[in-house]
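Report on the structure given below.
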4 protein chains.
Amino acid sequence: MTYPDIGHFVPRRREECGIFGIHGHPEAAKLTYFGLYALQHRGQESAGISVSDGCQVRDYKHMGLVSEVFKEEILKQLKGHLAIGHVRYSTTGSSLIANAQPFVVMHGGEYYAIAHNGNLVNAWNLRNELERRGSIFQSTMDTEVIVHLMAMNLGYGFEEALVKALGRVRGAYSIVMCSRNKLIGARDPKGFRPLCIGRLNDSYVLASETCALDLIEAAYVRDVEPGEIVVIDEHGLRSMKPFPVSRPAYCIFEFIYFARPDSSIFGQNVYLFRKRLGRLMAGENALTADITMPFPDSGNYAALGFAEASNIPLEMGIIRNHYVGRTFIQPTQAMRDFGVRIKLNPVRELLNGKRVIIVEDSIIRGTTTRTRINTIRDAGAKEVHMVVSCPPHRHPCPYGIDFSTKGELIAANHSVEQIRDFIGLDSLHYLSLEGLLKAAGTTTRNHNFCLACLTGDYPVPLEEVVRKDCFETF
Amino acid sequence: MTYPDIGHFVPRRREECGIFGIHGHPEAAKLTYFGLYALQHRGQESAGISVSDGCQVRDYKHMGLVSEVFKEEILKQLKGHLAIGHVRYSTTGSSLIANAQPFVVMHGGEYYAIAHNGNLVNAWNLRNELERRGSIFQSTMDTEVIVHLMAMNLGYGFEEALVKALGRVRGAYSIVMCSRNKLIGARDPKGFRPLCIGRLNDSYVLASETCALDLIEAAYVRDVEPGEIVVIDEHGLRSMKPFPVSRPAYCIFEFIYFARPDSSIFGQNVYLFRKRLGRLMAGENALTADITMPFPDSGNYAALGFAEASNIPLEMGIIRNHYVGRTFIQPTQAMRDFGVRIKLNPVRELLNGKRVIIVEDSIIRGTTTRTRINTIRDAGAKEVHMVVSCPPHRHPCPYGIDFSTKGELIAANHSVEQIRDFIGLDSLHYLSLEGLLKAAGTTTRNHNFCLACLTGDYPVPLEEVVRKDCFETF
Amino acid sequence: MTYPDIGHFVPRRREECGIFGIHGHPEAAKLTYFGLYALQHRGQESAGISVSDGCQVRDYKHMGLVSEVFKEEILKQLKGHLAIGHVRYSTTGSSLIANAQPFVVMHGGEYYAIAHNGNLVNAWNLRNELERRGSIFQSTMDTEVIVHLMAMNLGYGFEEALVKALGRVRGAYSIVMCSRNKLIGARDPKGFRPLCIGRLNDSYVLASETCALDLIEAAYVRDVEPGEIVVIDEHGLRSMKPFPVSRPAYCIFEFIYFARPDSSIFGQNVYLFRKRLGRLMAGENALTADITMPFPDSGNYAALGFAEASNIPLEMGIIRNHYVGRTFIQPTQAMRDFGVRIKLNPVRELLNGKRVIIVEDSIIRGTTTRTRINTIRDAGAKEVHMVVSCPPHRHPCPYGIDFSTKGELIAANHSVEQIRDFIGLDSLHYLSLEGLLKAAGTTTRNHNFCLACLTGDYPVPLEEVVRKDCFETF
Amino acid sequence: MTYPDIGHFVPRRREECGIFGIHGHPEAAKLTYFGLYALQHRGQESAGISVSDGCQVRDYKHMGLVSEVFKEEILKQLKGHLAIGHVRYSTTGSSLIANAQPFVVMHGGEYYAIAHNGNLVNAWNLRNELERRGSIFQSTMDTEVIVHLMAMNLGYGFEEALVKALGRVRGAYSIVMCSRNKLIGARDPKGFRPLCIGRLNDSYVLASETCALDLIEAAYVRDVEPGEIVVIDEHGLRSMKPFPVSRPAYCIFEFIYFARPDSSIFGQNVYLFRKRLGRLMAGENALTADITMPFPDSGNYAALGFAEASNIPLEMGIIRNHYVGRTFIQPTQAMRDFGVRIKLNPVRELLNGKRVIIVEDSIIRGTTTRTRINTIRDAGAKEVHMVVSCPPHRHPCPYGIDFSTKGELIAANHSVEQIRDFIGLDSLHYLSLEGLLKAAGTTTRNHNFCLACLTGDYPVPLEEVVRKDCFETF
Ligand SMILES: Nc1ncnc2c1ncn2[C@@H]1O[C@H](COP(=O)(O)OP(=O)(O)O)[C@@H](O)[C@H]1O
Ligand SMILES: Nc1ncnc2c1ncn2[C@@H]1O[C@H](COP(=O)(O)OP(=O)(O)O)[C@@H](O)[C@H]1O
Ligand SMILES: Nc1ncnc2c1ncn2[C@@H]1O[C@H](COP(=O)(O)OP(=O)(O)O)[C@@H](O)[C@H]1O
Ligand SMILES: Nc1ncnc2c1ncn2[C@@H]1O[C@H](COP(=O)(O)OP(=O)(O)O)[C@@H](O)[C@H]1O
Ligand code: SF4
Ligand code: SF4
Ligand code: SF4
Ligand code: SF4
Ligand SMILES: [Mg+2]
Ligand SMILES: [Mg+2]
Ligand SMILES: [Mg+2]
Ligand SMILES: [Mg+2]
């Protein structure tokens with residue numbers, strides 16, 4: 001393991017993750033495996049499961065996809081009726097197995113396992129405070145801060161300690177946690193990240209998205225509410241709401257891109273939401289062309305709506321390769337745009353000579369889009385226009401979605417015309433903020449969404465990281 | 001390794017494969033890697049590359065996907081300007097690494113590597129004959145028969161020996177082969193399987209499908225013709241046509257299902273062919289429904305054509321999971337239809353209460369289709385109809401496509417009504433043979449296709465396997 | 001990972017280990033690798049190295065032998081001029097990678113890596129106290145207690161914090177530790193375990209035994225003294241002696257069996273010590289026989305002394321297999337005494353009809369010795385006598401040598417006659433305590449040794465483990 | 001796999017190997033595993049087992065030690081009552097898994113597995129002849145020639161075919177072979193390599209050395225005689241002696257160095273043979289010194305004899321490390337003689353100021369001996385003399401022992417004085433040829449040994465390799 005150079009010693013930020021928990025099922029680990037399988041898109045870097053049989057706690061976590069990490073013989077050893085699981089995504093090189101989740105500690109004769117989706121804005125300051133009191137951290141994860149805050153307060157009992165710990169952290173979190181006998185779910189007061197409750201016969205299930213319930217054939221019960229803590233044990237499910245109520249801030253980007261189309265989150269189906277985005281784009285822009293086509297698969301659903309509303313016929317003008325994995329061998333020098341072409345190959349016979357409208361979900365840095373447009377032009381397209389199903393991304397996200405830093409967001413310091421030219425389009429059309437909220441069935445006034453990456457209006461203030469002190473002691 | 005019990009000792013039959021070769025490129029192995037990557041759908045069981053630097057020959061082959069088998073450090077060791085590669089699919093349990101290709105032999109101070117797509121109908125009889133003469137076989141592959149036949153005739157020179165060997169075998173084969181200095185491509189006189197020639201600067205390329213040329217940015221030159229042998233060396237490409245000319249028998253199933261939509265084979269683009277199938281199905285059947293939807297992805301292209309021609313709106317009513325690999329952990333007893341749902345999850349909010357037309361490429365055994373229809377009904381669809389883009393599959397294929405035995409083809413001994421009821425459809429509509437050939441721009445009279453699995457009319461007669469003699473000697 | 005059931009949750013005890021450290025060498029990790037290689041006999045279960053380049057800290061540890069754990073490419077990544085290493089032995093099933101050493105923590109912007117040989121007698125009580133204050137432990141190792149005690153006191157500066165931490169622990173410890181810039185060595189006030197200082201050009205080296213200095217061609221400087229802490233940085237070596245001086249208690253069993261014969265520890269060469277034991281045994285017992293033979297290799301050196309002094313010729317009557325690894329495939333039912341015979345095979349032609357004296361270092365449980373004697377008799381030996389180079393082992397060791405529990409020590413509750421009969425000997429002769437100390441050049445009065453396992457006289461009192469409280473809180 | 005460059009395309013020569021076979025035991029593979037374990041010293045590069053249950057044949061072979069290659073779960077799959085096994089040693093870089101044994105072929109509905117120890121002198125010529133007839137070889141092993149020769153003659157029946165095949169090959173071979181129902185053992189007419197027959201209840205066992213019988217508790221029956229073929233099946237053991245009888249040529253070097261000391265081969269125990277060599281050396285040379293010491297372990301047994309006869313006391317002045325594996329990480333530049341010191345570490349306190357006589361079995365290239373003597377001198381030895389337990393090695397071995405080529409044998413072109421100076425000795429004394437044969441109980445006149453590497457007198461003439469033809473055809 002390589003530990004970071006002190007000069008760059010920053011706890012990791014902005015982690016996209018998927019979480020799952022189940023209580024009261026004899027095959028808890030296996031169902032968690034399938035739950036994570038369904039949530040794989042929320043994190044492809046590592047996967048982990050912790051399971052309790054009421055006495056022993058076992059866990060297994062490793063870098064890789066769920067299907068790579070867990071094999072039959074490993075699942076067999078993860079015996080117990082209570083399990084939580086986690087898939088994790090990271091974009092930086094410092095991705096460590098030590099930072100894989102669930103995070104398990106043994107303390108005072110009990111075990112605690114915790115899995116976390118979101119990002120805390122005051123983790124670094126809390127960590128410094130705790131280290132000065134003598135706490136020793138094993139990882140650079142926000143999650144561990146919550147556990148240490150709990151350990152300080154376990155004298156008050158487990159649930160009170162959890163409430164006290166969550167009372168100190170600020171930012172976005174959806175959490176599943178287990179001790180030897182209890183399953184806990186919690187969501188921050190703003191409800192940035194989704195977390196839902198399902199039921200499978202006598203078992204309770206917690207999951208980031210409903211597609212995980214579908215796969216294991218659990219029935220959707222309700223969402224864990226913003227600011228709610230649910231405690232599940234042999235007596236059933238109890239709810240606590242220890243924090244003051246405020247207006248929610250559901251992440252709109254979960255709808256636009258991140259969640260699975262067959263999931264329902266924040267009370268709505270994702271596929272139908274995206275199709276509405278497509279129809280609204282057609283309404284906002286009157287374009288002429290021979291064919292409509294998505295960049296598959298993220299653009300598919302808006303493209304269906306757009307084609308329907310605009311009457312410009314839909315074609316699958318670019319084919320998504322079935323076998324695209326996560327790593328590639330470096331192509332030879334001469335092979336331009338290779339990384340793009342191996343994933344998406346244009347159908348030359350179809351595109352040649354055509355005027356094309358591309359439907360894209362969003363543009364973050366613009367570089368991938370640019371090379372994709374290149375291959376479309378190489379295939380002979382005569383005109384290439386693009387419609388994007390949300391307003392420009394101009395601001396970084398501190399609540400758990402990694403767009404990379406502000407400097408990399410192309411819209412942060414370029415006009416729409418500049419972006420159009422950079423990408424090499426004949427025209428470029430973003431959906432308006434009003435259109436986006438209309439698709440959500442609400443308005444710019446009354447909505448319950450976080451729109452910070454589009455508007456710069458942050459629902460939870462960012463906290464100054466006091467970095468100096470880490471050099472003081474030595 | 002486990003060698004088969006003598007009682008069941010049968011050479012493997014019906015292998016679907018992808019082949020690739022390149023001559024005259026300093027990074028021959030790397031380009032072969034990318035070529036195989038593009039041909040991955042033709043075989044997911046094993047992958048192999050043989051490379052020659054004019055003196056040493058090196059190869060590497062293993063069970064697994066191309067991206068699993070080859071890593072940067074392995075490719076680096078495969079130095080040379082001349083390479084061939086192979087991906088292989090097998091459905092039986094006896095899949096052996098010894099049967100992976102390319103097959104390499106050293107003989108008389110020379111090396112020969114060979115990779116093969118297709119199936120010979122007289123392999124078993126030739127093998128018995130060769131063994132009686134003292135030949136020792138290393139594998140159970142058809143390919144090895146060709147090599148032994150060559151070895152017997154090498155006194156006549158290499159090319160003459162190859163012609164003599166191919167003159168003895170009957171059935172379907174597309175072959176790439178290399179010695180230390182030459183790249184050879186060959187296709188059986190009927191041309192069952194595709195094989196095309198490309199050009200990348202000064203290099204010649206051979207590949208099963210044009211999508212492999214696209215990925216490495218090679219230009220398509222022409223197909224290797226049925227019955228043609230091409231020999232490529234530092235002097236360029238020479239063609240031989242040593243066998244009598246007859247009417248070709250291109251495998252129609254490559255168009256219907258097997259080839260990639262972005263490829264062109266037998267002179268036509270696959271995507272556009274399939275879209276025509278969809279339009280023709282709409283013409284043959286006047287159906288009423290709320291939505292058209294494919295089973296993605298094989299049904300997508302015909303569905304586009306069908307929706308356009310029928311004016312019944314297209315929806316992606318079932319979502320194909322991005323992370324579906326090849327093996328799954330066994331689900332719990334209670335999880336019905338799991339294998340289907342993990343790959344294709346229906347969008348309940350979309351399907352609920354709808355009349356649905358499913359577009360499917362073909363029906364082989366019917367069991368998978370049946371469970372898929374089940375999940376569509378569970379999601380609330382009110383009516384479910386199906387259109388299939390070819391006539392019923394009633395006969396086994398001896399030329400390299402593994403449909404399993406005749407007994408497993410549902411249409412072999414069931415009427416369309418029986419199939420409809422078995423699958424659980426409200427109605428079922430196969431495309432006519434005329435429609436199929438019309439999409440191909442030809443007629444039942446004049447066509448150049450093999451249709452044996454649909455009509456029972458076999459272009460090359462099957463050969464009786466004389467099994468008794470294997471017990472005689474001992 | 002499986003965490004222990006709470007009912008059996010006991011920190012691991014009695015670990016035999018080897019430790020090594022080096023400061024100021026550009027290939028610190030590589031030299032640590034060789035140092036550990038030479039110390040492999042002190043621990044075969046896991047191996048680990050931590051290295052610092054003054055800024056980043058890297059470590060790698062795994063289950064297995066040094067040569068299995070570290071490969072060239074791993075060593076290459078362990079860059080830095082300062083390194084410590086550890087090999088660890090454990091006899092219980094609960095051996096965990098989480099318990100491998102060195103143990104690394106990052107705290108307050110600094111890293112601390114620590115490797116430990118020995119056993120603390122008050123670790124469990126200290127741990128309970130720390131957990132009640134909010135500390136979270138990652139492992140069940142004694143070592144971690146020291147680190148947490150330090151973390152509580154880092155406000156006083158690093159060295160003061162270490163002194164305060166070591167001031168609280170009791171028992172046996174030899175420690176090497178590093179921060180990003182300093183190498184520390186420490187030995188408990190009784191000096192139970194060896195630890196020496198060497199010099200290689202401008203680098204300082206710390207090692208459990210001198211054989212590690214020999215292999216890397218470092219010169220022996222002196223031992224770290226009992227109760228001494230040495231701090232090595234770019235300014236050289238500083239010594240601290242913060243604890244009250246008392247009479248040392250060097251582990252006599254390191255001489256008898258554990259240390260390598262080519263090492264010098266506690267000021268004496270092990271080989272010559274053992275040879276003196278052999279001569280003294282011949283003096284204490286006048287025996288008649290045809291041949292003297294050791295159980296190789298532990299008995300070799302005493303056997304040389306015995307044969308010389310008794311004039312009974314030495315033979316290698318039993319051959320030690322060169323390829324004996326750590327695990328065996330279970331032999332078939334019918335193969336008696338297999339585990340013994342695979343390691344030591346008697347030379348039948350030599351032993352047949354002979355009167356034999358076996359020289360053994362010590363007898364712990366007696367079962368292995370018994371089966372070895374069996375095979376000697378099977379080979380035809382007429383009489384079998386045994387001399388043992390120390391008094392009977394009657395008491396368990398709480399200072400880091402794992403003899404297993406008192407109940408398993410055959411001499412704890414059997415007379416010499418009973419042991420002789422159990423093992424199946426014609427006669428059995430233990431060396432006297434006086435003889436043992438005479439070989440050490442001292443007497444029962446004036447010696448500086450721990451003899452607790454032989455006499456029951458414990459130099460540091462054992463501490464009652466208050467186990468009840470781990471059930472109180474929950 | 002890398003196939004050799006044609007310019008260097010030479011079948012491998014001089015392979016030291018161990019072979020084992022068992023018929024009629026329900027755990028045939030497990031007993032073969034243990035047999036190979038005992039024969040590990042005869043080949044450490046690869047290990048393989050083939051097993052038959054009378055119907056299916058299974059095998060497993062891999063690079064590595066027996067204990068690395070075979071794990072419980074693999075052995076479990078190797079079901080059957082009939083098994084053969086092989087361990088193989090090779091010194092060249094071109095060691096290939098394709099060359100691992102047993103070599104298995106399926107031919108005419110039967111399986112043949114063969115394992116071979118020795119080297120054929122006419123393999124290359126036979127191979128060329130067979131290839132010209134159309135045979136295709138899979139490997140570069142001599143063994144495969146035998147199999148192809150058999151395949152040509154299987155029309156005459158299996159045993160006749162084997163006799164015909166062995167009648168064509170010349171050189172050294174001890175062979176075990178199995179078909180689905182028969183176990184065969186064969187030894188060349190000169191009997192260069194050992195092969196013995198054992199009995200374990202109702203099972204027959206074949207093994208290179210008796211130590212393999214000891215380990216599985218089989219009783220020694222007799223040796224397979226030179227020129228004998230034994231066929232073992234359910235009817236028992238039958239013997240054939242189809243070849244003309246001639247004077248045997250047992251490899252003397254098996255006694256001097258290669259075989260295990262606890263084995264008996266060619267009718268004598270190895271340990272006692274070596275001890276006699278030591279006594280005879282003392283008789284031939286009257287030397288004065290303080291201590292006698294071997295280079296362990298190969299010198300141990302002669303050293304015991306020498307010390308006894310010369311009355312110069314024996315010491316283990318150099319300690320053999322227990323953990324020396326086969327590969328090492330490259331030491332740092334500055335570490336001289338490292339490869340030697342890691343295996344054998346001198347005991348400085350013992351050697352300092354002493355006059356030492358080293359007992360060595362043989363000197364091949366002299367380089368290792370030279371560096372060992374260096375470390376003895378570094379440890380302070382005042383005088384260093386050496387006695388060697390055989391005459392100088394001046395000639396290469398074409399019968400299966402790899403001394404490397406003639407050019408590398410130091411005695412081939414250096415006088416004893418030159419060797420003494422090269423190694424850095426005060427004096428050097430080889431045993432005479434008379435002495436060597438006297439230890440064997442025979443004389444230079446009447447012996448049955450091969451002494452070719454010592455005398456240049458080759459019992460089977462070497463065959464000119466006609467290399468030209470491999471370039472002719474192409
Ligand atoms: N690498 C690929 N990228 C895109 N399409 C492919 C690829 N390989 C095969 N195809 C197409 O995908 C279809 C098979 O996909 P799908 O229907 O999802 O699988 P299946 O029907 O075999 O379960 C085939 O029609 C084939 O033309
Ligand atoms: N397992 C899944 N199955 C189907 N769709 C998924 C899955 N995971 C994510 N998605 C959807 O696929 C889209 C991302 O796919 P794609 O556009 O191919 O990748 P990207 O845009 O990240 O390169 C997202 O919109 C997401 O809603
Ligand atoms: N498994 C074994 N157990 C004990 N002795 C063995 C074994 N294998 C070989 N020997 C003996 O050990 C000697 C070789 O050991 P050694 O001298 O340490 O190695 P080398 O001389 O090859 O470096 C040989 O003389 C051989 O008789
Ligand atoms: N690497 C080593 N090289 C040589 N001797 C060693 C080594 N490690 C330990 N020893 C010595 O070998 C003896 C243990 O060897 P042995 O008797 O074969 O094993 P055991 O008695 O543990 O079964 C100990 O006395 C120890 O001093
Ligand atoms: S800033 Fe954007 S991505 Fe982040 S939570 Fe808010 S809406 Fe979601
Ligand atoms: S039988 Fe069918 S699958 Fe086989 S080659 Fe002919 S058309 Fe293709
Ligand atoms: S009790 Fe025995 S083994 Fe333990 S330290 Fe004391 S002398 Fe050593
Ligand atoms: S030449 Fe030497 S090594 Fe070879 S067989 Fe003859 S005696 Fe043995
Ligand atoms: Mg996308
Ligand atoms: Mg399909
Ligand atoms: Mg011992
Ligand atoms: Mg030796």
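The first residue you see is number 1, and the count goes up from there.
Placed from the backbone N, Cα and C atoms, the Cβ positions cover glycine too.
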The [4Fe-4S] cluster site in TrEMBL includes C:Cys397, C:Cys450, C:Cys453. Which of C:Cys211, C:Cys251 is also listed there?
C:Cys251
Long-range same-chain neighbours of C:Cys453 ([4Fe-4S] cluster binding site), Cβ under 8 Å, sequence gap at least 6?
C:Phe253, C:His393, C:Arg394, C:His395, C:Pro396, C:Cys397, C:Ile401, C:Phe403
Near the Cβ of C:Cys397 ([4Fe-4S] cluster binding site), how many other Cβ atoms are there if near means within 10 Å?
23
Do you know offhand how many angstrom separate C:Cys251 ([4Fe-4S] cluster binding site) and C:Cys17 (active site, nucleophile) by C-alpha?
14
Residues close to [4Fe-4S] cluster site centre defined by C:Cys251, C:Cys397, C:Cys450, C:Cys453, Cβ within 8 Å:
C:Phe192, C:Ile252, C:Phe253, C:Tyr399, C:Ile401, C:Leu451, C:Ala452
How many neighbouring Cβ atoms, not counting its own, are there within 10 Å of the Cβ of C:Cys251 ([4Fe-4S] cluster binding site)?
27
Express the distance between the Cα positions of C:Cys450 ([4Fe-4S] cluster binding site) and C:Cys17 (active site, nucleophile) as a whole number of Å.
18
For C:Cys251 ([4Fe-4S] cluster binding site), which DSSP three-state class applies?
strand
Kindly assign C:Cys453 ([4Fe-4S] cluster binding site) to one of the three DSSP-derived states: helix, strand or coil.
helix
Taking the Cβ of C:Cys450 ([4Fe-4S] cluster binding site) as the centre, how many other Cβ atoms fall within a 10 Å radius?
26
C:Cys17 (active site, nucleophile) has how many other Cβ neighbours within 10 Å of its own Cβ?
25
Based on DSSP, name the secondary structure state of C:Cys17 (active site, nucleophile): helix, strand or coil.
strand
